[in-house]
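Below is one structure, written out as structure tokens, with a few remarks after it.
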């Protein structure tokens, strides 16, 4: 075995770790065959060569060994060139040399260390026993070797270099603490389930090597270029419901041609992302003509995600692997069918609308619907004959889409045309692929071919904030300056999905608790669904955060999972929160989408909390979330809900009576936004936040104010009738009560009132509005023939027409509307005054207008302010501008006619 093939590059320890491991070396530094480790723990210094079916391990060049040696002032105890490179001594000596370099000069500036990826290196497996005997033995050993440690200082005084050096630690307790910390780090590394286990292990070229494709970047420059690229571009969320890897990191890793030994970046090698880990032997495009295509790994563990690893042959069967899917297909029909309370099956869209409204509509949507015929849904779908080739033609053959490697249960990027070729090759399918996230709303042709149902467009929160640019709603938003940039729109309502027969997508909840419409254009799908109960959510969270990949969620859900089969031409409508997995029994092409709406707002927030809890526990930043979820709710509150509440407050109306769903959603959203605001004030704004904190604070101030006003209106309606109205009828009650005796205070008030009236006889009298009096006509009753009897007179009420004043009031209030077009809510006094005439809404125009329109508007604003409790703003009416007076031109002075006398006088003067 060549020395460059020794797997030592990946076993780099930190400064403290290296020194602590060397403390347990044998005291005789000439004997390099002593073991590395401590009592109760054993380490493997060098790994055996990998099998041909495993990934190629990173190589270490002579330059990497010599780099730290150049920093040493003295000669090393034993030269590396004199050692046998095939022995374990070479690995030990390399670690010792690096430790000497760390202790003497600090960390060497080796560019290769910058690209070191600890997740991709083989784990060091410590075998630790927690017995107190081992701890005591370790302590005794360190105390016994203390003189030997001090003796190493003689090398420095003599000018020679010891074979290894030690970290300066003040006492043995600190040393034991340090060693325990290293031990815990190693434990953590073994127990952690890395997301990048299936990423190909990085090969390391020499410093002089350059990429055979681009020829621009050395190994050090790759990461610099990658970091600059990250700063320029914001990382977009991967459109996948499954976890995914850091593909961009892999793009700049190396792969070497096994024929010409030329190094390439993965990005420049001609491979697509889904191929990065597939090949045992890679041949570059230049060598393919005479070597043939690259050779794939053999399948040695089909029951595992890492099916190419012989080390996993004896491990358990993972859910979603080839073996598991083949076995699951044979027994999946034993999953029970749903009840009528869980799934409602209807014939067409018309029946769906009837059942949907009967159950409460979107505000009370909690049941799954399966519609056999799309007729009546007002949904646009491609015509018969449309297939995957048409999708590739419209979107472009080089269009990249995130594709799930089914047997690996991971997401990679793949070109559409590549997927089409694999999809059509039904005989040769060593691996299965399906894509769930081809979002096509940016493609003008594709978005017209497939559109969601009409009711989805009507209730969608996204569609309300970002309407179609060709519609009237878009123009209204522009006029009101409420239009939001298109690049902030969550594009999740129009998806194309395609999957190979046998594909399986594991259990998940659609991002953000969004609801789903799902139409099978070709093929068939089988859904396994579980209702959104707290018990199922708890089981799902435990399942997602568990490192165990061998347990199917349906086995731990206690019979909650039900089976629903959807055939070609049928549509499935799933409300928020339903947990589901999907099996594709035949090749399928599907159109669907996700949407948020106010009716499921509470469940959507519950799922959002569940997602955050799972992400926090597994520390995964790659799970797919609803794009701009919080921004969407901030904008919806500002542009929609706040307007509705303000309008109701101005009218003095109770939202519980007319718009109960708006009021309920506003309260839920306000409580959630308070939490978001509190988090932002404590932890600071999130990275790349679109809406500034100040703007959010302004929205919250307005929301609190308007909700407080609406609450006062509702509380006022809940109170019993006030005392003022009862006091009005007190005098009549007193008159009716014969035994009533007024108190002295009451008598004094009456006396004082009469006296005041007499004193103010000279004051101008104001006529009071008389109540409508109905004349009573007495009808005589004929006397009976018998003895006379006293009978009460019979009264008949005759209805009179409205007076002129009543007609005027009716006309005014019939014509008054708010800005939204609603009828103005009438004052009770006005209703009492007009009586039944106002209810009849007599459409008569008064002969003479009592007030101008400006006065009526002012009166209406005053009434609304009184009902809402706001202060009345007195606004002076602007005086009409004075028109400049026209200047009259003076006529030219008339010449005075001279008489004969005047002429004579003139001559005499001369």
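Glycine is treated like the rest: Cβ placed from N, Cα and C.
Same-chain residues at least 6 positions away in sequence with a Cβ under 8 Å from that of residue 518 (substrate binding site) are, in sequence order, 525, 566, 571, 572, 573, 574, 590, 592. The DSSP secondary structure for residue 518 (substrate binding site) is strand. Summarising the annotation, Swiss-Prot assigns substrate binding site to 505, 506, 507, 508, 509, 510, 518, 525, 580.
In the three-state DSSP classification, residue 508 (Fe cation binding site) falls within a strand. Taken from Swiss-Prot, the feature Fe cation binding site covers 508, 510, 580.
Residues or ranges marked as compositional bias 'Polar residues' by Swiss-Prot: 1-11 (among others).
The compositional bias 'Basic and acidic residues' feature in Swiss-Prot is assigned to 25-35 (among others).
According to Swiss-Prot, the feature compositional bias 'Polar residues' maps to 43-58 (among others).
The compositional bias 'Basic and acidic residues' annotation in Swiss-Prot covers 118-130 (among others).
According to Swiss-Prot, the compositional bias 'Polar residues' annotation covers 150-160 (among others).
Positions annotated as compositional bias 'Basic and acidic residues' by Swiss-Prot: 200-210 (among others).
Taken from Swiss-Prot, the feature compositional bias 'Basic residues' covers 748-757.
Sequence annotations record features per position, and here Swiss-Prot assigns compositional bias 'Basic and acidic residues' to 758-780 (among others).
Annotation comment: Swiss-Prot describes 441-612 as domain 'JmjC', evidence class sequence analysis.
Look at Swiss-Prot and you will find 1-58 (among others) tagged as region 'Disordered'.
What Swiss-Prot lists as region 'Disordered' is 103-162 (among others).
Here Swiss-Prot flags 183-212 (among others) as region 'Disordered'.
Among the features that Swiss-Prot reports, region 'Disordered' is placed at 712-790 (among others).
Annotated region 'Disordered' per Swiss-Prot: 864-910 (among others), in sequence order.
You'll find the Cα of residue 510 (Fe cation binding site) roughly 9 Å from the Cα of residue 580 (substrate binding site). The Cβ of residue 509 (substrate binding site) has 24 other Cβ atoms within 10 Å, all protein chains considered. Between residue 580 (substrate binding site) and residue 508 (Fe cation binding site), the C-alpha separation comes to 6 Å. Just so you know, the Cβ of residue 505 (substrate binding site) picks up 22 other Cβ atoms within 10 Å once every protein chain is counted.
Summed and averaged per residue, pLDDT over the domain 'JmjC' (441-612) gives 93. Sparsest Cβ environment among the binding-site residues 508, 580 (other Cβ atoms counted within 10 Å): 508.
Here the Cβ of residue 510 (Fe cation binding site) has 21 other Cβ atoms within 10 Å, regardless of which shown protein chain they belong to. Cβ neighbour count for residue 507 (substrate binding site): 20 (other Cβ atoms within 10 Å of its Cβ, all protein chains included).
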